[in-house]
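Quick one: structure below, then a few questions.
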């Protein structure tokens with residue numbers, strides 16, 4: 001009887017080893033399933049603040065992730081076993097040094113390829129699983145908490161700024177690169193007034209605290225104050241859009257996917273062409289403007305690196321605020337005190353104090369690594385700043401050395417706004433998202449964006465209107481539309 005060769009003997013041993021190892025894997029998996037069943041039951045029995053539907057969905061999704069990784073783990077073991085078998089065959093066949101090196105090289109290539117495939121599959125599985133989790137959260141929380149109510153479409157170019165009137169009647173104002181500012185009925189979405197007095201892009205709009213006056217800043221190096229009179233139309237029933245939001249419908253829009261404008265929507269509304277007052281003294285684009293408390297003075301911020309303080313009644317320049325090393329990007333005033341904060345491309349923002357008529361102090365805040373796109377006041381002694389460095393920082397005016405909270409995001413932040421009563425920060429991003437955070441940096445929600453609603457291009461600004469019964473948050477973007485949202489703040493804070 002012929003004897004078995006070394007290679008045949010090695011092959012038989014490898015086959016037996018593979019068979020026994022496979023049985024061992026199956027036994028191990030079954031035992032692991034028995035072991036993991038108990039903790040899951042225990043977990044389901046534990047008390048939780050999450051709604052039962054959300055909790056069961058989470059458990060199901062995490063179970064799917066666990067099964068996927070278990071399958072990948074088994075495949076990884078199979079690949080390792082094949083590598084061991086090939087190594088045994090090479091050793092049994094007794095190949096020469098050159099042949100062995102060649103086989104090892106081929107083996108290394110195959111192993112590297114298999115490892116690459118495994119790594120790619122792990123990444124794909126992880127992305128798919130986490131996408132399911134994110135979609136689940138969006139379906140159960142964002143849809144119930146954040147609802148799109150009205151779209152305001154009529155501008156012919158991107159909208160830089162949005163603001164809500166602080167006096168009756170409450171209207172929405174938008175400032176656009178199409179050289180106009182429009183006033184809207186919040187309830188109906190109808191354009192009420194068109195201001196066309198600027199010859200450059202209108203970069204910001206702010207309403208007087210007690211009169212029907214609007215303050216607009218423009219690329220024509222001026223700021224205009226103009227009076228408006230509006231009569232609100234009868235509101236129509238608001239359609240419920242909550243059922244139109246689906247967590248699975250998140251898609252990426254192209255820049256060409258913009259709202260259709262059938263004709264000039266603003267052509268039917270009254271047009272104001274001459275300002276009540278024109279503020280002139282800047283040598284560059286006026287990027288922003290705001291009213292000081294009381295409305296008797298206004299401040300403007302310009303690309304000429306200065307901010308100017310004006311007397312509204314006489315249009316005279318009261319103070320020129322210098323010190324920034326680069327162009328200014330924004331300015332904001334305190335709602336109750338004579339304080340002004342200016343933001344700049346020099347990575348800083350400055351606090352100007354006019355409470356004492358004889359002393360005009362200035363404090364410099366340094367904490368960002370890129371352009372500070374905006375800085376706004378909140379209640380008390382806090383300032384919130386946003387930057388192109390993808391961070392938002394909350395500062396205490398009594399301690400300027402370091403922020404008391406930092407929010408890190410995945411995209412540059414544009415003009416932020418704070419819901420003063422509830423201390424909720426709305427962050428508009430370059431990547432078309434709008435996220436809500438509290439003052440301690442905890443993320444509360446993200447406004448829904450699907451293939452049927454939401455902004456399709458960069459979101460430039462946000463504005464809260466806490467007392468309005470229908471829309472309490474407004475956003476605008478370079479997709480030429482403004483959007484009114486209803487944020488269920490009690491539910492939002494309860495989710496927190």
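Here the Cβ of each residue, glycine as well, is placed from N, Cα and C on the backbone.
Pulled these from TrEMBL:
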REGION    1-50  region 'Disordered'
COMPBIAS  1-10  compositional bias 'Polar residues'
COMPBIAS  22-31  compositional bias 'Polar residues'
COMPBIAS  32-47  compositional bias 'Basic and acidic residues'
REPEAT    152-194  repeat 'WD'
REPEAT    195-226  repeat 'WD'
REGION    247-267  region 'Disordered'
COMPBIAS  247-265  compositional bias 'Acidic residues'
REPEAT    279-320  repeat 'WD'
REPEAT    321-362  repeat 'WD'
REPEAT    365-405  repeat 'WD'
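Please situate the listed features within the shown structure.
Helix first, then strand, then coil: DSSP counts for the repeat 'WD' (152-194) stand at 0 helix, 21 strand, 22 coil.
Taking Cβ pairs closer than 8 Å, the repeat 'WD' (195-226) reaches residues 157, 160-167, 173-183, 271-280, 282-291, 293-295, 298, 300-302, 310, 312 in its own chain, all 6 or more past its ends.
In the predicted structure, the repeat 'WD' (279-320) carries a mean pLDDT of 97.
Tertiary proximity for the repeat 'WD' (321-362) is limited to same-chain residues at least six positions away from its ends with a CB under 8 Å from its CB atoms, namely 284, 287-293, 299-309, 368-377, 383, 385, 387, 389, 397, 415, 420.
Note on the repeat 'WD' (365-405): DSSP counts are 0 helix, 22 strand, 19 coil.
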Using DSSP, what is the helix/strand/coil residue split across the repeat 'WD' (321-362)?
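Helix, strand, coil within the repeat 'WD' (321-362): 0 helix, 26 strand, 16 coil.
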Other than its close neighbours in sequence, what residues sit by the repeat 'WD' (365-405), given a CB gap under 8 Å and a spacing of at least six beyond its ends?
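The answer is 329-330, 332-335, 339, 341-345, 347-351, 411-418, 420-421, 423, 425, 427, 437, 439-441.
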